[in-house]
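Colleague: Here you go, one structure.
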Amino acid sequence: MTIGDISPKKERKSRRSKHVVDEKAPLLPKRQDEAGGYDEFNGASFTGAVFNLSTTIVGAGIMALPATMKVLGLILGIAMIVFMAFLTDASIEFLLRFSRAGKSTSYGGLMGDAFGKYGRIFLQVCVLVNNIGVLIVYMIIIGDVLSGTSSSGVHHAGVLEGWLGEHWWNGRTFVLIVTTLGIFSPLACFKRIDSLRFTSALSVALAVVFLVITVGIAIIKLISGTVMMPRLLPDVTDLTSFWKLFTTVPVLVTAYICHYNVHSIDNELEDSTQIRPVVRTALALCSTVYIMTSFFGFLLFGDATMDDVLANFDTNLGIPYSSLLNDAVRVSYAAHLMLVFPIVFYPLRLNMDGLLFPYSSPLAQSNTRFACITAGLIAVIFLGANFIPSIWDAFQFTGATAAVCLGFIFPAAVTLRNHHFIATKKDKMLALFMIVLAVFSNAVAIYSDAYALFKKNSGAGPRA
């Protein structure tokens, strides 16, 4: 479950001899005699943990980062990416330190320790809102890339339609049914997050493929002299352009959200002292990918960089084999999201089980509960992506709010609550800064989304 705690008999570096004494604990059994039928598991490797955490971080948000460079300029934009990586590292350190103090082995357990039952429930609801929203958006993007979209009133052909022509079997609904049954469902059936380490490694590799293609195209165009020098600093000419700078804050604040998976990865590590190096290695890897994607994406497209840089790869790039490279980028990105899906789904299922069955045995020990919750959640995500037209608009509001709560507000609140009296004055000041930044990010995101929605709905009105 997601809400209980495990109290080890004594602190050890190795987790092999750690005994479960609370039936509500979220940990999966690591030894056959503890599981009554599970194969022996001696702990996850450092590399596998890094790939799983990196995959949690690098989802769809990577495509919005080049557009932040267009607003902030390269120097300020890259500095903000690095700054947010350090701030995320600090927030995760808060989670881990207070979890150790309270012997909590789940995010829900930590919130329950600090704020009681309602704190745990609020955390679980936020995970549900955030992760269901993220997974629905992933499925929408996969459908758009493979089968095309007409949501804007103009039909954009998908990759399969461009290759094979328009047929019923490469239509959006059928493609997503096949993807759900053939990819999402099998990968969602693993009971340990470490079992996804190979698909996570492949997911990171596919993100790197996108990066390599972008870098290659930018270098070719740079050599041919068709790329202009990118803007290094923001172009602030009036009050409107000044306020526009703050629209990048929600994108940057949510770029590293992975906190809901940290405990699951930590719990399965063979050596519990490795979790800090795992977090820092994953953040360093993702920061490198983010910086290079932002730099070369903005270098390649300049002021024509769209809010979702993937849309820039739907046009002629002005180099040989442009169409082939466009398809390679889009297919690799769709495949990347398919492999991110089970990593984000894993904590979603745990928290749903914790919300519905807070006092039952561990989810991994009940095949019936495991199968029912898995099937139910996948069905909800599929239906949301296919049959609720306004779902994207809804999650633009709720998703940003839930994400910053998980990433910054909750860790900071636990630190300020200081239930175990281990927070320093510096910790509390940093926690206050996190809350202010998160609240400001939420306010900007909600205002921007509401304004964009209002503008879209009143598009037929008189022009200014």
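Any Cβ shown, glycine's included, is placed from N, Cα and C.
Below are the features listed in TrEMBL for this protein:
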- 1-24: region 'Disordered' (REGION)
- 41-65: transmembrane segment (TRANSMEM)
- 44-448: domain 'Amino acid transporter transmembrane' (DOMAIN)
- 71-96: transmembrane segment (TRANSMEM)
- 121-142: transmembrane segment (TRANSMEM)
- 173-190: transmembrane segment (TRANSMEM)
- 202-223: transmembrane segment (TRANSMEM)
- 243-262: transmembrane segment (TRANSMEM)
- 282-301: transmembrane segment (TRANSMEM)
- 331-348: transmembrane segment (TRANSMEM)
- 369-388: transmembrane segment (TRANSMEM)
- 394-417: transmembrane segment (TRANSMEM)
- 429-448: transmembrane segment (TRANSMEM)
Colleague: Can you say which of 41-65, 121-142, 202-223 has the most Cβ pairs under 8 Å with the transmembrane segment (243-262)?
Modeller: 41-65
Colleague: If contact means at least 3 Cβ pairs within less than 8 Å, sequence distance 6 or more, would you call the transmembrane segment (282-301) and the transmembrane segment (41-65) in contact?
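Modeller: Contact between the transmembrane segment (41-65) and the transmembrane segment (282-301): present, because at least 3 Cβ pairs are under 8 Å.
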Colleague: Which sequence-distant residues neighbour the transmembrane segment (202-223)? Criterion: at least 6 residues beyond either end, Cβ under 8 Å.
Modeller: 51, 54-55, 58, 62, 285, 289, 292-293, 296-297, 299-300, 317-319, 325, 328-329, 332-333, 335-336, 339-340, 343
Colleague: At a C-beta cut-off of under 8 Å, are there same-chain residues at least 6 beyond the transmembrane segment (331-348) that contact it? List them, or none.
Modeller: 2, 52, 55-56, 58-60, 63, 127-128, 131-132, 134-135, 138-139, 141-142, 145-146, 159, 179, 183-184, 187-188, 190, 193, 196, 199-200, 202-203, 206-207, 209-210, 213, 260-261, 264, 310, 377-378
